Amino acid sequence: MVQLGKLLRVLTLMKFPCCVLEVLLCVLAAAARGQEMYAPHSIRIEGDVTLGGLFPVHAKGPSGVPCGDIKRENGIHRLEAMLYALDQINSDPNLLPNVTLGARILDTCSRDTYALEQSLTFVQALIQKDTSDVRCTNGEPPVFVKPEKVVGVIGASGSSVSIMVANILRLFQIPQISYASTAPELSDDRRYDFFSRVVPPDSFQAQAMVDIVKALGWNYVSTLASEGSYGEKGVESFTQISKEAGGLCIAQSVRIPQERKDRTIDFDRIIKQLLDTPNSRAVVIFANDEDIKQILAAAKRADQVGHFLWVGSDSWGSKINPLHQHEDIAEGAITIQPKRATVEGFDAYFTSRTLENNRRNVWFAEYWEENFNCKLTISGSKKEDTDRKCTGQERIGKDSNYEQEGKVQFVIDAVYAMAHALHHMNKDLCADYRGVCPEMEQAGGKKLLKYIRNVNFNGSAGTPVMFNKNGDAPGRYDIFQYQTTNTTNPGYRLIGQWTDELQLNIEDMQWGKGVREIPPSVCTLPCKPGQRKKTQKGTPCCWTCEPCDGYQYQFDEMTCQHCPYDQRPNENRTGCQNIPIIKLEWHSPWAVIPVFLAMLGIIATIFVMATFIRYNDTPIVRASGRELSYVLLTGIFLCYIITFLMIAKPDVAVCSFRRVFLGLGMCISYAALLTKTNRIYRIFEQGKKSVTAPRLISPTSQLAITSSLISVQLLGVFIWFGVDPPNIIIDYDEHKTMNPEQARGVLKCDITDLQIICSLGYSILLMVTCTVYAIKTRGVPENFNEAKPIGFTMYTTCIVWLAFIPIFFGTAQSAEKLYIQTTTLTISMNLSASVALGMLYMPKVYIIIFHPELNVQKRKRSFKAVVTAATMSSRLSHKPSDRPNGEAKTELCENVDPNSPAAKKKYVSYNNLVI
């Protein structure tokens, strides 16, 4: 079984496919079922919903034995905290009413492989059994006792154990909430997606420790880590954060091996190694209790009392046991631990536990023997180092020392987090059902996980319990210093806290022999490449290293010089190198969006044009003014095409086409729209004066007017070509950032921002003029073709270009100018084209394709009908009305004298008439 567990750990680390792991799980689960026959030690509590629990009840055993001595605080205290929390929840009428929480609690023996074997108990109910071919000796089918279904797991404690268990539980989608695992790698939501924790990850405490070290003025420290995920990942996080923060050097990183032949010799060697850098007095420790105790003992043997300045992680926290008999060597040690509070209710609960009232805890008898150093008369007693008999009348806290273990609060919070998630899940899925409804039973772990990640309640310490997207709790730490001198109560003293930022009371700190002055842990390492030495007066052996900043490089040991204009410092600032040349790439996010929009627009434009050509002689197409419609669609098409020219690699040909087409598409579009709106305006203005049709309203005249307007744009472009021929340049100023590593030379066309605006200026003038005409014709009856759609188009287009101008010029000094301006320009043109296409043509295409019954000739309209409509519109405009637009026609009829000539005209449908 152990070998299979080790094999699974290897396969998990090698990221084997889930199918392979699941096959092995079936084998392991079968073995686990057999294992229960001879290893029955687990706690079972019946309930409607069962939670799993993983606790280090025992320490690691010697070679060949999975479990060792019982762990009174880390094991029994935490286990009883879960039982206490279950009792509290089950007696709370407001939390999970009509639902009883049960439990299946297992011992991990502080070993990841053993914990893996134990945790297979949680997945037995999820493994299908095929018993179709199985018969008992009497010929009857077998009856299997279905194991309880575990919906979530509380635990584990050690990070290495949680990592191993999490790999199994995620395969069966069982959510897991740890109360003590802080390894940073557990924050990887891709690998440990069903893992959450009520304690912050080590990356947070590493940041807190970096802040502490810097606040004390130390810039030269060593690190010490126990071998394993917790220690090594903690130091890795500390090192990474210290590098990012700057001003902090790591003298050396020492690892404490897990398997040691001679503990004394190994730890003496570690102390000697730390003394190789005597100026690095500060030692940052991520280690377990036993390693902390051994390193302090080794420092004492080396007669280094007062030399080392210890900075301990939460594994040290405020524990007394690792410091026993080594208080003098530990004086001044600074430690941190997650902010916590003593749960008074648990103290009352635990100190009242006896052998009689706590039979549900199968390990409590063993704890009793160890705690009171006595031997029970029951069979199976493991206490062999004493002849003192237990009476059963001993009391915890009275006949033995008792102090609440530091993680009790987090165990309770973890159980409550699971309970709150189940409570909200029950309310949502079983609103009108008492207890656990079938929908909740079948919901699965993935749904429960969503509820877990959304919990937010005040925990046992009064602080909010919540999880971020990676399942981590927020970082809140208390900072302690161990003080024994000049104090009436030797021990840990609270000197600060860390919640995203450090609050440290330096005046409350003291060091060896009661010294208040902060001892130093600083010295100067040789300057790195790219730094110059700046010697300090009176200390020639130490100096400050000043980096060559900006575009400087290290000319010699004492001097920095500037690189040439088109160069930047190399990576280590020992010389200069050419600045890379960049352009807007097709795969860049800045280009992908405009290109995507342009491609959609081109497809839509071609579709509209094809539809109009296909139905060229239908009333709707003829009513829209076929000639100008095709001109307008051509302009819209060119507006989309310019996107590709703006993103293409600049050369003389591309730059030439940019100049031609930059404003041409817009010019064609707005010239056609201006001609249309002007024609509508002139017709209705003329209709108010006489029945004579205005001049130049025929299709040929309209095309001639449009061509004349477009020719002005082309003439301006040709003059531009003659005055300033197209060319390409490399602009080093645009991307010459403060950080030379980000400096780039921009390959672009020799076109200034002002030239771009001038090229677009004529088109904008046409757009504004067209908007003016759209406003003037806003009172035209809605059935007179395209006056109002054109108006809406122009209003929207004006908004687009009003937004474009501040963005375009507001980013002129930005390091991302090339990308922002190009993207803004192309998107603005795409949006302008899309607005025109969507408002003017999509409704027509919709009718043509989906409602052909509306695409019919209703009645032709003479100019007299237009005159009549103009007269009616004029009369209507003189009478104020509060009615909505939908009642305009009714009011039009109400305001016409029935005896007037206009009123005697027959009502004419204005649909599909060319205006």
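Using N, Cα and C of the backbone, Cβ positions are placed for all residues, glycine too.
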* To do: Out of Ser698, Ser900, report back the residue that Swiss-Prot marks as phosphoserine.
  => Ser900
* Structure fact -> Listed by Swiss-Prot with Ser159, Ala180, Ser181, Thr182, Asp314, Lys407 as binding L-glutamate, from among Tyr84, Tyr230, Tyr482, Tyr492, is Tyr230
* Asked: Which of the listed residues, Asn98, Asn616, has Swiss-Prot annotated as N-linked glycosylation site?
  -> Asn98
* Asked: Looking at Asn486, Asn830, which is the one Swiss-Prot tags with N-linked glycosylation site?
  -> Asn486
* **Identical membrane-side domain name, Tyr681 and Asn855, from Swiss-Prot** => yes
* Candidate in Cys560, Cys563 joined to Cys576 through a disulfide, as Swiss-Prot lists it -> Cys563
* **Recorded disulfide partner - Cys545, candidates Cys527, Cys541, Cys548, Cys560, source Swiss-Prot** => Cys527
* Asked: For L-glutamate, what surrounds Ser159, Ala180, Ser181, Thr182, Tyr230, Asp314, Lys407 with a Cβ no more than 8 Å from their Cβ centroid?
  -> Ser157, Gly158, Ser178, Ala183, Val199, Asp202, Ser315
* Structure fact -> Relative to the transmembrane segment (628-648), the stretch among 703-723, 754-775, 789-810, 826-850 with the most Cβ pairs under 8 Å is 826-850
* Provide, as an integer number of angstrom, the distance between the C-alpha atoms of Asp314 (L-glutamate binding site) and Asn486 (N-linked glycosylation site). => 26
* To do: Take the transmembrane segment (703-723) and find every residue of the same chain, 6 or more past its ends, with a Cβ under 8 Å from one of its Cβ atoms.
  => 627-628, 631, 656, 659-660, 663-664, 667-668, 671-672, 674-675, 678, 696, 755, 759, 762-763, 766
* Local Cβ density at Asp314 (L-glutamate binding site) - other Cβ atoms counted within 10 Å -> 27
* Structure fact -> Counting Cβ atoms within 10 Å of each Cβ, the densest environment among the recorded positions Asn98, Ala180, Asn572 belongs to Ala180
* To do: Please work out which residue of Ser159, Asn486 has the most C-beta neighbours within 10 angstroms of its C-beta, and give that one of the recorded positions.
  => Ser159
* For Ser181 (L-glutamate binding site), just count the other CB atoms lying within 10 A of its CB, please. => 26
* Within the chain of Thr182 (L-glutamate binding site), which residues six or more apart in sequence place their C-beta under 8 angstroms from its C-beta? -> Ser159, Arg197, Val199, Pro200, Pro201, Asp202, Gln205, Tyr230, Gly234, Asp314
* To do: Round to a whole number and give the Cα-to-Cα distance in Å for the pair Asn486 (N-linked glycosylation site) and Lys407 (L-glutamate binding site).
  => 30
